[in-house]
Amino acid sequence: MVRDMRGAAPHSLVLKAGLIGGLVGVYVVAVGVFAAFAARPVVAQSLSLGQIMLLSIALTVGWSAADARQGRSGGLAAAALAGVLAGLVYAGVLLMAREAKLQAMFVALTPAALNTGLFGRTGLAALVAAALIAGLAALGGGLVRQMPAPARRTLLAVAIAVLVGALLRDLWISFFANLLGGRWWVSTIYTGNGLSWTGTGVAVAAGLAWQALRMLGRREAGARSTSLIGIALLLAAAILIPYFTNAFVAQVMLLVGLYALMGTGLNIELGLAGLLDLGFVAFFAIGAYVTALLTADSPLAIAHLSFWEALPIATLCAAAGGFVFGLPVLRVRGDYLALATLGLGEIVRLLVVSDMSAPVIGGAQGIVGIPRPDLAGTPMVSQLSLYYLTLVLTCLVALAGWRLQHSPVGRAWAAAREDEDVAATLGIDLVRSKLRAYVLGAAFAGVAGALFATTLGSIFPQSFKLDVSINVLALLVVGGLGSLPGVFVGSLILIGLPEFLREFGEYRYLFYGFLLILVMRVRPQGLWPDPLQARTS
Amino acid sequence: MTGVSTLLSVHDVDVHYGQICAVRGASLDVAEGEVVTLIGANGAGKSSLINAICRLRPCGEGHIRFRGQDLRALRADELPGLGLVQVPEGRRVFGRLTVMENLRLGAFCRKAARDELETDLAAVLDLFPRLAERRDQAAGTLSGGEQQMLAIGRGLMAKPAMLLLDEPSMGLAPRIIDVIYGAIAAIAAKGVSLLIVEQNAFLALELARRAFVMEAGTITLSGPAASLVDDERVRAAYLG
Ligand SMILES: Nc1ncnc2c1ncn2[C@@H]1O[C@H](COP(=O)(O)OP(=O)(O)O)[C@@H](O)[C@H]1O
Ligand SMILES: [Mg+2]
């Protein structure tokens, strides 16, 4: 007790956390995110995504204010105080905004939005309600911070399970309907747009079970077999989920597979050899355009090959592009390489849209009429079959990447990434080693480009912008640099998830940004890191 | 030196860092199968000279010959193939790779058959049993002494004719230094030529046949190791 009394609460921390939290809440309402998210129920009709967002802001306020130096009860008091302050700031500003009729400046500040934001109350009642709710939530945040780590992880797993259950509702509905025999499940688990209370219970149980499995797996089995089981589960999900759901899911998963394929390529460059390549999209474009020119039913076509004949040629062309560009550029070190490759990406994009090249590759009109691949004489037209094609190619490429990683060539990449001088004194030719990584990465991007062309049936210059390179880079970082399963997880989360959250419109990129920041703060080694890299970084 | 052929000969080599001259007119030589030590205080220019020999730093005029071949026409990564391998100062193992991966990397320059590599790996693990216990551990998690063992083992995996050991005892406890020097003596006994760079020169002088002393970038003394151990100046400066 004596210890708890020692050292007064750092008022500045409480003040700061409360003020910032309150203003973040105001911001969220003012730009309209809250209104969009409030329309989405999560638990029965009683908790919407918007409310969850406000609550998590208050929770974070409490977490930050409950500094360990203040002892247990001191920390909780500080958390609650900061929460109350945040609630007062939040409600106060919104009340003033209602009086000032700021809708002219902030379109999203409609009377309705303000009304939900203020819990349907006015004046003093709104202030009291906000302070009370935020104070309690912040107290919860403080408690969470003081919990032992396993309890915290369990809570997190439960929260994620509930969110995944509610937000990916369409996915689960089609899954239940097709697999587990019918609509009965659906009507028990969901009401309207959100989870029912039963559904919430199921989700909580699923989260608990998941956490229990993880803890059991960690204790019983070595890291190696846990990751093998994980990979098997991932693969089973990749095979089964699109099959048992619908064409939309297959289409999204196809995109996920395509990005995983590119991720495997960039993983060789960045994750294994340490080359930051921002022009990766260039080789994706080469693969796509070569495939289009060789197979399309179009006046621009230069041959009428089948996809299977065009695929190796496109891959080789992309690899050759990597070689020609890599030779001069790879003598450049570090940051300069990123800039040089960024330039390459832009050059390729400009060439593709330019009028000069229009007679050859179609300019802004692109190339249309690219046929689907044939399988045993019949074209693969369904999204599902195209998805499986992508999955098979992605797995093959991932297998190749894995073999490379554990070969002398892969070890040489790792060595050069860690210490160029020592690598050289061991006989590793640095330029050659980097060039090899760059060419292989380019080749993998070429495979992805070829697939992209054939699955879409037409290609346009807009598809080959810098965003592609950035997306691939981001998915590698989120999944865990240098980790192959990480590529798939990263792709699923950064490419797949936004597609499933389309109903949130542009705001879904908020998830994207939020997720990136969260991963960098909480798990800088990535969601599924390479075991060795995780242990020593 | 009649009858034994010279393996490494360095003649009149300068090393510059911009305007700073770290090594001036250094010459030394190592014969086939010989153990030679290069001693000097911190900052004397020992590592600079070693790095110039290994082609990690450009050097001025003069020549560096290994088995009669001028190394100045070669790149750093071409040297281990000739049998000249450096074990760098401060160990510099690849921290995120396992012990075994580090060792296998040592053999990168060789086009050896699988069984031959396995035999050599076994020999290195035999020399350093502590590495065998930690074979699948990340090298960055090893203790300083174990990292030094790994760095030497990695060098051995190249099957060198000559090893350049840059301060193998740096920052290690006396007990560990004895273990390391025991292994170095065993390596020398197998006929590998050694150039051992040291600041604390007692063990190196005991093991070496000849020694060179470097001060402020120039070689100021050289001769049989036994005579240098008794030299007043050497005693005062390096043996404490
Ligand atoms: N990379 C560098 N840049 C500039 N000066 C250096 C560099 N490396 C070493 N020096 C300088 O060269 C001199 C010799 O250093 P070094 O060869 O490391 O000595 P030793 O190995 O004998 O301790 C020192 O004065 C040192 O400051
Ligand atoms: Mg030195």
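Heads up, the Cβ atoms here are built off N, Cα and C, so glycines get one too.
Unlike curated records, TrEMBL annotations are generated automatically.
Database features, via TrEMBL:
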TRANSMEM  A:43-63  transmembrane segment
TRANSMEM  A:75-98  transmembrane segment
TRANSMEM  A:118-143  transmembrane segment
TRANSMEM  A:155-175  transmembrane segment
TRANSMEM  A:195-213  transmembrane segment
TRANSMEM  A:225-244  transmembrane segment
TRANSMEM  A:250-268  transmembrane segment
TRANSMEM  A:275-295  transmembrane segment
TRANSMEM  A:307-329  transmembrane segment
TRANSMEM  A:384-402  transmembrane segment
TRANSMEM  A:472-497  transmembrane segment
TRANSMEM  A:509-528  transmembrane segment
Proximity of the transmembrane segment (A:118-143) to the transmembrane segment (A:43-63), 3+ C-beta pairs under 8 angstroms: yes
Close approaches to the transmembrane segment (A:43-63) from elsewhere in its chain (Cβ under 8 angstroms; 6 or more beyond its ends): 17-18, 20-21, 24-25, 28, 33-37, 79-80, 82-83, 86-87, 116, 133-135, 137-142, 144-145, 162-163, 166-167, 191-192, 194-197, 200
Region pair the transmembrane segment (A:225-244) / the transmembrane segment (A:472-497), three or more CB pairs under 8 Å: yes
Contact check, the transmembrane segment (A:250-268) vs the transmembrane segment (A:155-175), 3+ Cβ pairs under 8 Å, seq sep 6+: no
